[in-house]
Structures are given as structure tokens and as C-alpha cells.
Amino acid sequence: MAKGVFITATNTDIGKTYITALIVKKLREANINCGYYKAALSGAEIINNNIVAGDAKYVYNVANIKGNPNECVSYIFKQAVSPHLAAKLNNVHISMDKIVADFNYRCNEHDYITVEGSGGIICPIYYDKEKIMLTDIIKKLKIPIILVSPSGLGSINGTILTLEYIKKHNLVVNSIILNNYDKSNIIHIDNKRILEEMTNLPVYTCEQYSEDIDIPLKELKQFYDFI
């Protein structure tokens, strides 16, 4: 039975893919069979007239995963817009059944599976007669969350609001990672302290351009839960 965790963030462009790649890399370098999955990706790359899931490609490259990165993403769209709008523009129906089936397939291939979300926690994945929000996917997959937040000014507000929304949907967050952390920046240092006190969650940091995630392997493994 595989163990899984879901990586989400306070907003888009916070560094989910970067953090996800470092987490998968750390586990794989410890000879742990860790895989990657993403339900929907927009803003894909076009390489030699072929659509490529850029986030997945990045994770594969950093974590040294062999194979076609497109295979670990259920829906891939060229337009750099929210998945629900990309689906509408391409007349594509996003199916929760397909997402769950693809996720389960990845779980059968790996002992640990790291799932990356789209955008921030409040992200519509499909918005037609049927509506799928990112939180609906997390509930279906039944895995805990690691929340990626910025380190600088505004981080406390964005992080606490995101946690409140997650709590409202009866989902579990087991840790926070502050991205682009500068250990000499008094704001970053204070934000980490305040968030630890306000949330009672472990708050880790990742410095800019780091090639490793500063989380002990034993603790990182504990953030994954059985699916």
C-alpha cells in the first residue's frame, strides 16, 4: 500500500513544483520508490510541436525519474490559465473518476506518491454543471497536505487564511514550508517564529536556489500517510 502527500500553496507561483521536486529527489536519493502525480496542468510547454507538462518534466529532471513526464498528469493544457478555464477553452470534460484512476495507477507503481496541486488551495479544476475544486480532489485522494508559503511580508496573513480554508473543508495539514527563505532576513525569521506559534505546525524553510530540502528524512517520511 502506497503512502501519499499533497503539495499545495497559498497562491500560484509560490514554488510548489520546486519544493515538490526537492522532496521527491530527497526520497529517491534515499532509495525510496517515490513517484509524482498532478491532476491538471495548464501553461504546458511546446517542444518540437509536442505538448509537454513542464512542471512534471522539471520534477522528473531534478529527481532523476526516467520515462515520459506527461504520463503522470491527467489533463495537460497549453493555455497558461486556471485549469477550469483551460478545460472550457479546449472543450474538455475533466472527470474525477479519471483523476482517481490515474492517481491509483501511480500508487501501484510506487511506495510513496507526491501529488502537486494547481495554483493555490482555492483553485477550480472544472467548473460547469459538474464542479471540481482542488479541495474535492484532496478529499477523494484521502491524503494529508504540506503547505508551501512565501517567506516575506504578507506570509502570515496568506498562510493563516489558507489554513482556515483548509480546516473548513476538514482536510489535514501536517507541515508548512517557507520558500525562498533568507536566514539573515529579520522578516523571514520572525514570520517562521510567528507561524510556528500560531499554527502549532512544524515550519520548515527552503532557501532560494537550494538543491536540497532542509527536512530530516525521518520527519519527511512521517508526513506521508497510507492511502
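Here the Cβ of each residue, glycine as well, is placed from N, Cα and C on the backbone.
For the Mg(2+) site that Swiss-Prot gives as T17, D55, the extra residue drawn from E71, E109, E116 is E116. On a Cα basis, K38 (active site) lies 15 Å away from G15 (ATP binding site). If you take the Cα of N180 (ATP binding site) and the Cα of K38 (active site), they are about 23 angstrom apart, rounded to a whole number. Those residues of the chain, other than T17, D55, E116, with a C-beta within 8 angstroms of the mean position of the Mg(2+) site C-beta atoms are I7, K16, T20, A21, K38, L41, A56, Y58, V59.
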